[in-house]
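K.L.:
Got a structure for you, written out below as structure tokens; questions coming shortly.
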Ligand code: NAD
Ligand code: UDX
């Protein structure tokens, strides 16, 4: 089959950018991205896209209306598509069996049932969402149990490896594309059809083909490995703070070993984002179901360490501020889970902010890309607080870092946005309460310069002493 029309179910952080790049690179294919959410589709069709992703606006502008369409008309798109991506959300279950760990596959099942109900011709159905191993079997069972006469399905696994904030580059210059399929002749033919789509811009040697289950597991494995590196370096950051070693120096020395490599060794206040925790929990649950408790315990520790890191950092903030933050004004710089995205899912800033709010602090929050309503949504969510009204009163959202810090006792930097590196900290020091504190949860600021200005500075994985800078300044007294 030559793929002429593609439909994608789910116009989120993955479906939107992935299909936009497919449309860009495959002008001969009509790509329609569908969602149940009318709001989301309206935004994709507007000037202000629903997600902030560097480079995405340009790609959408080039293709939208040409061979890229965003639509709520799921029926027509399924009917005419040769290939359907399922790119719906797979959150952690919040109720029932496996609550708090297992992936909730209700949206995957819903998408499969929609396809089964609507399709009247052969389809290649591609699982793009991240799922537990064997999820393709669920899709297969639903589709094949509801097949109309003459309609055949092939189910492929094609997990997505993009990271938010760099999604367009990750898609355009993908290090690898992974496609898993059934080992039958028809299955392999479908694999080749999807390879053909990617070969429009990805060198064939970078397209890996495997069986379906290897492909599904590789996605969970990749995220587990990446998160494990962060928890490993974060565990060492605590050792550094206790000993006087510097975690950046340790990461540099360790990462120089080509077997280890330098990437993903940045100690932080903990990893966030919609994927790492969810996918490791998914792997843990899968291991338990397979009666592999030692494997489950191994990966559980990666999550535990991440929780420890968030708690450790927040405790440090409170203890440094004389063990009470009640009624103190604290500026939170950055709320997204990493720079270059407006996404706040599982952002470590949520834990930091909600703990400080519980302690009675008045938070003044600034993030360059997160919508103000989104910050309230996260901090007033029933899973975060049982007192949303009290929490709301403790939060003020700002449109600039300078207005957030004015009159603050402390700055808590939660996201590594570049603009925070170049703020005028002398000016900021002048307008803050004294002693003025900065807690750099991302190790991005010039700590020596801040100490020289007079700030009390704490960061991750490094003890900062004011002695050297005080000596340099001559007269500054330490409270
Ligand atoms: P998202 O929540 O941003 O988007 C999912 C969309 O699917 C929502 O807009 C929802 O309304 C829609 N939807 C649900 N059921 C539908 C249906 N039956 N028909 C049409 N639309 C439907 O989620 P996301 O971040 O794009 O993630 C999607 C999947 O990709 C998840 O499994 C995730 O784990 C995986 N993934 C995410 C990332 C990432 O960086 N966000 C990276 C790789 C993989
Ligand atoms: C991740 C994977 O990188 C991507 O391949 C997968 O498809 C989806 O999940 P994402 O969550 O978008 O992508 O961002 P990523 O860059 O991996 O960062 C995740 C979290 O880890 C962020 O909170 C980030 O700040 C943190 N991080 C990352 C660190 O704390 N230290 C690091 O060295 C790297």
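The backbone N, Cα and C atoms fix where each Cβ goes, glycine too.
It should be emphasised that the depicted structure is a prediction, and the values quoted were computed from it without experimental measurement.
Copied straight from TrEMBL:
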- 10-15, 35, 40, 88-92, 129-130, 164, 275-278, 345: NAD(+) binding site (BINDING)
- 275: active site, nucleophile (ACT_SITE)
- 331-447: domain 'UDP-glucose/GDP-mannose dehydrogenase C-terminal' (DOMAIN)
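Quick one: where do these features end up spatially?
P.N.:
The number of other CB atoms found within 10 A of the CB of residue 92 (NAD(+) binding site), across every protein chain shown, is 19.
Non-local neighbourhood of residue 275 (active site, nucleophile): 130, 223, each in the same chain, at least six residues away, with C-beta under 8 Å from its C-beta.
Per-residue pLDDT, averaged across the domain 'UDP-glucose/GDP-mannose dehydrogenase C-terminal' (331-447), gives 97.
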K.L.:
With respect to ligand 2, which members of the recorded positions 10, 13, 35, 92, 275, 277 satisfy a Cβ distance under 6 angstroms to one of its atoms?
P.N.:
275
K.L.:
My understanding is the cutoff is Cβ-Cβ under 8 Å with a sequence separation of 6 or more in the same chain; which residues meet that for residue 164 (NAD(+) binding site)?
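P.N.:
Result: 13, 53, 273, 337, 338, 340, 341, 343.
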K.L.:
Cβ-Cβ under 8 Å from residue 277 (NAD(+) binding site), same chain, 6 or more residues apart: which ones?
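P.N.:
Listed in sequence order, they are 92, 227, 271, 303, 306, 346.
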K.L.:
Anything from the binding-site residues 13, 92, 164 with its Cβ under 6 A from ligand 1? List those in sequence order.
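P.N.:
Passing the 6 Å Cβ check against ligand 1: 13, 164.
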K.L.:
Cβ-Cβ under 8 Å from residue 89 (NAD(+) binding site), same chain, 6 or more residues apart: which ones?
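P.N.:
In sequence order, 10, 12, 107, 129 meet the Cβ cut-off.
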K.L.:
List the residues of the same chain that sit at least 6 positions away from residue 35 (NAD(+) binding site) in sequence and have their Cβ under 8 Å from its Cβ, in sequence order, or write 'none'.
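P.N.:
Result: 9, 10, 11, 12, 15, 41, 44, 70, 72.
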